[in-house]
Amino acid sequence: MVLGRGLLGRRSLAALGAACARRGLGPALLGVLHHTDLRKNLTVDEGTMKVEVLPALTDNYMYLVIDDETKEAAIVDPVQPQKVLDAARKHGVKLTTVLTTHHHWDHAGGNEKLVKLQSGLKVYGGDDRIGALTHKITHLSTLQVGSLNVKCLATPCHTSGHICYFVSRPGGSEPPAVFTGDTLFVAGCGKFYEGTADEMCKALLEVLGRLPPDTRVYCGHEYTINNLKFARHVEPGNAAIQEKLAWAKEKYSIGEPTVPSTLAEEFTYNPFMRVREKTVQQHARETDPVTTMRAVRKEKDEFKMPRD
């Protein structure tokens, strides 16, 4: 994980959030956590589809997905509602849709406040534990945000109801985007809180891995530098990892996000996307992608991060 200077550690923040959520204080906590001033917003303009990258909390990302043709927008994981509404106002768009990847407080914890601040929002998600849910979705459910198509991809493992959102414009020349929450990170993947190595293999290789190679990957957290340090440990001879790590350090030093990546890139440096590669299997001392996934995830969970 990557931490801002002088900020709460990720574990401390998560523990604090969980404790407050148990006491019904989640929204109150989220309202006072404004640690993202050190990280910049980023607008990715892909023609008629724009994505505003909105840093949140310590290392989360929210994403405002804009159809420039109709000026309609969706928000992915709006944990800081006022920041979302300010961004929508800045772009002059109508926010109609909430896309929730999973129920964890740092992704879904702003839903209930947001629907109070702006009425009429459609709130999508794949888990009844998601606050303010209006539309429960399943694998391959589809919806529209203006002229943009949104396909819902079930990726259970980090949580049992985790959904990734694949967004494209029919007939458009711009590359599609996928919003992966805590399933796929830049150079990493989420912990297996409610699932298995087999499920994560299916999620990464069979569901996400079969999307177009130029698909932009927008993940839920800024964990890139530490993910790449672990990837370097797994494959020390992989030049793609070294190059991406140097690039990520430069981005982080000037406060810029390291998202998006692309699926094609992830297959070159993400050890969890590379569990079929001999170099990763040899490191794990396994010969099967699923057992390699299990071994590499266990090692990552216990990995002592170098300070470089």
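Heads up, residue numbers simply count up from 1 along the chain you see.
Glycine is treated like the rest: Cβ placed from N, Cα and C.
Owing to the predicted nature of the structure, the values given are computational and were not obtained by experimental measurement.
According to Swiss-Prot, the transit peptide annotation covers 1-13. What Swiss-Prot records for HIS102, HIS104, HIS158, ASP182 is Zn(2+) 1 binding site. If you look up Swiss-Prot, you'll see ASP106, HIS107, ASP182, HIS221 marked as Zn(2+) 2 binding site. Here Swiss-Prot flags LYS116, LYS229 as N6-acetyllysine. Marked as substrate binding site by Swiss-Prot on the basis of similarity to another entry: LYS191, PHE192, TYR193, HIS221, GLU222, TYR223, ARG297, LYS298, GLU299, LYS300. Swiss-Prot lists LYS229 with the feature N6-succinyllysine.
Structural mapping of features recorded in Swiss-Prot.
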{"residue": "HIS102", "record": "Zn(2+) 1 binding site", "Cβ within 10 Å": "29"}
{"residue": "ASP106", "record": "Zn(2+) 2 binding site", "Cβ within 10 Å": "26"}
{"residue": "HIS107", "record": "Zn(2+) 2 binding site", "Cβ within 10 Å": "28"}
{"residue": "LYS116", "record": "N6-acetyllysine", "Cβ within 10 Å": "12"}
{"residue": "ASP182", "record": "Zn(2+) 1 binding site", "Cβ within 10 Å": "27"}
{"residue": "LYS191", "record": "substrate binding site", "Cβ within 10 Å": "14"}
{"residue": "TYR193", "record": "substrate binding site", "Cβ within 10 Å": "13"}
{"residue": "HIS221", "record": "Zn(2+) 2 binding site", "Cβ within 10 Å": "24"}
{"residue": "ARG297", "record": "substrate binding site", "Cβ within 10 Å": "22"}
{"residue": "GLU299", "record": "substrate binding site", "Cβ within 10 Å": "15"}
Coarse DSSP state, helix versus strand versus coil, of HIS102 (Zn(2+) 1 binding site): coil
GLU222 (substrate binding site) versus recorded positions HIS102, HIS104, LYS116, HIS158, ASP182 - nearest by Cα: ASP182
Top Cα neighbour of LYS191 (substrate binding site) in the set of recorded positions ASP106, HIS107, LYS116, HIS158, ASP182: HIS158
Binding-site residues near HIS221 (Zn(2+) 2 binding site), in sequence order, restricted to HIS102, ASP182, ARG297 and a 10 Å Cα cut-off: ASP182
LYS229 (N6-acetyllysine) versus binding-site residues HIS158, TYR193, GLU299 - nearest by Cα: GLU299
Rounded distance in angstrom between the Cα atoms of HIS158 (Zn(2+) 1 binding site) and TYR193 (substrate binding site): 5
Sparsest Cβ surroundings (other CB atoms within 10 Å) among the recorded positions HIS104, HIS158, LYS229: LYS229
Count of other CB atoms lying within 10 Å of the CB belonging to GLU222 (substrate binding site): 28
